[in-house]
Each structure stands twice: as structure tokens, then as C-alpha cells.
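See below for the structure under consideration.
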């Protein structure tokens, strides 16, 4: 059988082989061409049943080879026999058949040979599990070949029905049929089977299918086969094993790419720039690049964004009604909570708790909810970022040094930033995004990904300070660690004698030089080995103590990261049915977190847990929820604030728009268009609210947003055996983001439940997000090329067109720029970070 690749019933006849690329003898194709040239051909045949099709095929044979009536009847009877199908069975069915095998053998013995073809599909055909593998709208083609003793010459017929029709129980699954090919001949010719395989392979070829559908004469069909032969690639004998089965490739060329050069609108972007977000499939999508074309009118780009996104607003909620969205909500919620706690703690340290964890929670919940509700790209997740944190630290230090009120000064900077942002939206400054190349995108994405990886490892290493490892611990000295050595033979002299040392862990107390007959000193000073050698045994809870909190935290950290990676790849594994694999892959992060939490709860160790604020009051009691714009600072501060606001505006613009470019890449197949101007307006207006309330400033978070999109990937529900599920795009909707930020807002009330989640588990999720985002960019592949000898390098498309030294030069320059950005980010010069980008 063929859907896209060939499958064979194995010699045992009990199962189908693995799908493989059909390998055909060249001679069989030439024989097939001869059959099509000389045999019968019936195009657009009208028939009501398979029996009528066979009767017309046998009666319409050319006069020079007209079949005798007796041969015609025998051929008709042969072709109308019920074919024997090899059903696709589940494991439970196979076990049941194994248990009932004696009954099955008796049933076989009672079955009547030579059963006729049924006119209606039988029940087992309608229930065939293989039907799920067939793409929607597919039709069946039938190839009947074989050796017949009563024929002297081969009988060949190619039939195309005018309308697809059900042919009863002829097919393995209930599908309409349109094409039939029959080749029967005397036993002396042994190539019929390969000719039939060649015909089936042709019918699976998209270009030949088109020729077969449109053919009006025999010559049209031969022309379609000649086109197939023109693309044929011959493998020389002796250079490969003909019995080897070639596995299906990971991707196949499209028919248009096989027949012609790509049209301009389908040429892939050489620089990976997604500013266009083209290739839209649905009606009403803008042309490639229209999102960033200038209209020449004030707010022209914003109005066009609103008109583009408004028709999709209703579907932004209905498209979220899928179980995959539940997994995405839980995954991104935990990632956002961890990020809010991390940045909230660092903000508190940098600003004397003028902004802390609670402010970070409330600000993230409010800003994220409003952005997801009104933005042009609701898949974006807002969060505090490293560059903004650096600016806050510098601003607080400047305010302290010059006796200025930090929150009031910050308020005016935020208002100026919001004003400048609205000006950028009005003048359509977002059209500059089209100049962002793969070089810039990858450098920025790599930097943010490395920050996630670095911060997660740094947080884990800091646990060694909070929970120090006792390097001086020695198992042989457990009796000195509040452990009792009970010498049973001393009970003969003093039954109630026990000696207990209550000293702390190392440094160890010095051994007491007591009299050897002093029972307490003797029992308390003995080492573990001495105690056991003298026939004693150990009593006490500290006898088996091992300093294991830090070690257990690292095990949870590494186990969560590896579990996330392994379960995410489970979709492409060979185990379990496709539905189970997809479900496990969709809920991979949640399963990994729950498993790690269960291990931690089972062991009962006091690993550091997630601490969420439980009271709605400012972290610093000296501040309120509304910042007064006048009174604490001189009047001229509101004007001077415009200078640092320019730097913050550049930072916000670059951070927001580079993330938007990465999220709207062409390869994500987004259908609802981008909204660069609308997104920038939302971020600018949110700056007003967060500045007035003293909450942190927010901008698009690259890594978390990429993780959000990856958790919402759509793939085809049905795929042919051997075919990888087709990536259909991202589940574009607003509900997952809204649900994440609603949960963020109520996290204060869920503190008793969240406190059971270990922080190392969440750091492991952070590490997974950073590594996944890093793996999504081409830079990492090119870095690997630096370490791989040329003859072992993978066959990447750009290596076929660009000299290797040029690729390495591009990669080295990109790495140097990335290192420069990292150095600038890590020093006091971080204020110029957006300019360096």
C-alpha cells in the first residue's frame, strides 16, 4: 500500500513494514510505459459498480487482442474476488487474537473460499484504524497485477472514472476510488509485481497525479510519465544494497519547486527578516511587508494595524478552546511567576524596596492583561528585562546622590517616555524594523537566551551559600555528630548507661583523652569503626546524616531541565500512539514540574521554596500606591527628565520591536498579521500607569514570548505513514495570555499552594527556556560548524551557496558583537546598551 511512501506486508504476513521510499528497477518503468502505450485506456468512464467497470474493461479490449468469451468470464470472476487485506491492529487486538487463536483457526477452516467482492463496505472496513492516517479529501487508486495460467498474452487496462465512487470492500479503508490499473499475464513473465509497484509509485507522485487527472488522450498520460522519468535519479548497482529500505526524509520538495523556479513572493528571506510576515494564507491578508509600509499620514500605520486586527478579534478567543492552551497557560504562568520574583527581588535590592516582589507581581498582572487585551500581537508576554533593571539601579543611585525623590523623578521620566512613544507611533517609526537583519535578531535573541541560562545557573550556585556543603563531614566520625554509641557489654555493669555527644557539625571537637575505663568518655569518644568493632551499635537521628539540601536542589534542577527536554521531544519518539505522544509533548513542562515536585515532597527535604507575597501593601512602608508628581523635587526636574527619557525610549523601542520581529518571523506561519505600531502604543500608554503607581516598567520578554509560541505550535492531525506531521502554524489567540496574567494577579491569594514548589524546579524551567530559545536561531548551528571538520559538516542549504570561510567570518563577527554586548550589559556602561544594539 502507498499513501506517500511504500509499505509492504512482511514475509510472516502479520504486520506492515516501516514506510520507506520505493526503490524501482529501471526496466519496470520502461515496461509500464509500454503497457500504457499498448494496453486499454478508459478515461472518464461512467459506471455504477465495480462489476460494471470490469465488464466494460473486458468488453472494450482492442479488436486485435479481443478476449474470448470464456477467458472474459474467467477474468471477470477472478477480478471480482474479495481481496485479502492486512488490517492495522492495536496491541490489545493482537493480544486478544493471540488468546483466541484456536477459535480463530476453526473459523478460518469454516470460511468459504472464493468469496465475492461486497458491494457495500463491511463493518471492519469502516472501523479500520488506518483511516486516521489518510488525509482528508483523499481518494483510493487500485493496482491489480498477477500471473494467470489461462492467459497467453498480458491483459492491461488503465481506467479513470468520471466521478469518484465507493467500490465496496475493494479498498482497505472506505474511500471513493477514481483510478484503476490492471495487469494480468502468463506465468512466464516475472516482472508484473514491479510494474505494479511502478504504477502505484507514479500515482503517488503529485505531478503525475495532475497529468492523470487532466489527461484527455493516451499521449497526455505518456507525457506525464515522461516528466516523471526526466526527474528520475538512478543509483548504480554495486554501490548500494537494493534490499535496504530508504527511510522517508524529514521534508519533501513542493511540486512547484520541482517544476519551476520559486516565484518572487515565495523566495525565502536570505537574512531571515520577518518584517514582512508574508505568505498569509487567509483572505484579506496584507501583501508581504504591508505591516511596515509607510502611509505618509499621522497614525496611518496604527489605523492600518487596527483595521487588520479587528476582524480577527472574535476568533482570538474562540481559537483558544483547545486542551493545548491549558498546558501553555500553566507553563507560561510558572515561568512568569519565577521571572517576577527574580526581577522583583533584584529591583528591591537596587531601589531600597521602593519596588519589590509585590510591585513586580501586580505590575506584571496589570500590564500583561491590558497588553494581551488590546495589542496587535497578543502572543507577546510582557516582563521586566535586564536593561530596564540596570537603568532603574542607575536612576536610584543618581537620585540618592543628588537628594532627589526617586519615585517622583521616575514618574516624570515615564511620562516623557510615553510621550516619545506616542510620537514614534504617530510618525510610523516602526517602519525602521524592516532594516533589522538576521544578524541583529540572532545577536539580541542569543544575548537574552544566555542571560536566562546564566541567571538560572547563578541562582543555583548561590544555594551553596544559603545551604553550605559540609566538606569536613566524615562518615567515620558520626559519633561526634550527636550520635550515641551503645556498648551492650557495659550494660552488665550499668544497664542505664548511655553517652551522648551533642556537639555541632564540624569543625569536630577534639578527642578527649579520658581514662580507658571511663564508660562515658570511652563510648562518646569512640569513632564509628571503633564502636562497631567493640560490639556496640549506633543510636541517634544524626548517625545517618548527610548534608544534602544543595545536592538535592541541583538534582531537581538538572532533572527538571532534562525532563522538559525529553518530554518535549517525545512527540517524535517511536513509543505509544500518536495521540498519546502529542498529549505528553503538549504538557511536557507541566509533567516535568509535577514530577520534580512529587520527588521533592516524597523526600521531605527543606529545599528552597517559591515564596509569594501574601499581603497587598507596598514593599517599602514609606511609599504609597499613587506617586504625587510635584512637591518632593524641584520644579525643573520635570523638564530635565526628558534627557534620560530619550535613552529609555530607545531601549524600549529596540527591546520591543526586535522581540516583535523575532515573534513574527515567516517560519511561524502566523495568519492574523502583526501589529508593530499598535504594540508600541500599548507599551507607551502602560508606561503612564506604571509610572504613576510606582510599578516596574514592562516590555516584551523575548525568551518567555518564544516559549509561549512554542507551546502553541499546531501540527496536522493526520499524517501518512513515514511522513512527519506538518507544522501548520501557531494557535493565535488572546486567552492564554489573559489567563496567565489573571493567575498572576490572584497569586497573592494562592501563596499557601505555591509555597510547595521548589525554586530549583523553576530554575530548571528557566534553563530549558533559555536553551530552547538558543536552539531556535541559526547562530548556534554556525558555531557548531567551527568545531566540525569540513567533510563531516551537515548538508545545510547556505553551505551550498556561501564559501565556508565567509560563513565562519560572519559567525566570528557575530560572536564578537555578542561578547561586546555582554560586557556592556555587565558594567556601569549598560545605559548605552540599546545604542550598541
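Using the three backbone atoms N, Cα and C, a Cβ is placed for every residue, glycine included.
For the ranges 270-299, 360-389, 480-509, the feature annotated in TrEMBL as transmembrane segment maps to 360-389. A contact between the transmembrane segment (360-389) and the transmembrane segment (735-754) is present, since 3 or more of their C-beta pairs, 6 or more residues apart, lie under 8 Å. In terms of C-beta pairs under 8 Å, the stretch of 409-427, 587-605, 735-754, 761-780 lying closest in packing to the transmembrane segment (625-653) is 409-427.
Within the model, the domain 'Band 3 cytoplasmic' (112-242) carries an average pLDDT of 83. Outside the transmembrane segment (761-780), and at least 6 residues removed from its termini, the chain residues within Cβ reach (under 8 Å) are 272, 331, 334-335, 337-339, 438, 441-443, 445-446, 448-453, 455-457, 459-460, 556-561, 564-565, 568, 589, 592-593, 596-597, 600, 610, 702-704, 706-707, 710, 811, 814. Long-range neighbours of the transmembrane segment (587-605) within the same chain, counting only residues 6 or more positions beyond its ends whose Cβ lies under 8 Å from a Cβ of the stretch, are 327, 330-331, 334, 548-549, 552, 556, 559-560, 563-564, 567-568, 570, 711, 756-758, 761-762, 764-765, 768. Here the listed stretches are 328-348, 409-427, 439-457, 674-699, and the one with the most C-beta pairs under 8 angstroms to the transmembrane segment (735-754) is 328-348.
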